[in-house]
């Protein structure tokens, strides 16, 4: 398969799965394995195109985010929102920096596909239960959460360092368990994704830039644009979808993909 087509496939997988609780990294790694991509440059490629999906969030929420930036000097609400995002990101930032080498090594484990599939299944079951049994929501606005709530969500986000867990899944499940409305949980997860993924982009580029060179520029550009456009579409429609149907469809998707993945691994062909 030519590199440009691989870039389109990976860009679509990234953009379509980054902001729904199904583990974009897990799907990307399973796709990479299925396509037989062994060049380390593709690992760095996967991290780099995540920034495209994040820019989809920035584009969609630009007016609200810009209002926060402009209002920081004079508006307490803007400063409070910025502080909640910062507090929510600190635990994952710290854990990611401290464990970057360990995480990279773990992702080279020969049993990584099995770990991802099991994580998808377990995460799907947990999401299914929480979506149906979560306590009644007390906080309804993703831009006006309490500092305590933001800190607790940040701790849940650390679970996303494990393969197949899902950053959005861990933050959404954590949010709902502590009384945040579904829509607000999804939106706050979007907002936290911006600094977290920009940080992951910068850290991985700093540590792995030697794995890529000018010959990869075209594929990276294609993957970046595709992930941006597909991420934009997903974010645009996700909030209304969640309000009407909840997260149950995504829970079942995780379970089905995990079971199929294990079947492909262990059933003789």
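The backbone N, Cα and C atoms fix where each Cβ goes, and this holds for glycine too.
Among the ranges 142-162, 163-183, the stretch that Swiss-Prot annotates as transmembrane segment is 142-162. Count of Cβ pairs under 8 Å against the transmembrane segment (186-206): among 83-103, 110-130, 142-162, 219-239, 247-267, the largest is for 83-103. Between the transmembrane segment (247-267) and the stretches 42-62, 83-103, 110-130, 142-162, 219-239, it is 110-130 that has the most C-beta pairs under 8 angstroms. When Cβ-Cβ distances below 8 Å are used as the criterion, the transmembrane segment (219-239) is approached by residues 3-4, 6-8, 10-12, 14-16, 18-20, 45, 48-57, 59-60, 183, 186-187, 190, 212 of the same chain, each at least six residues removed from its ends.
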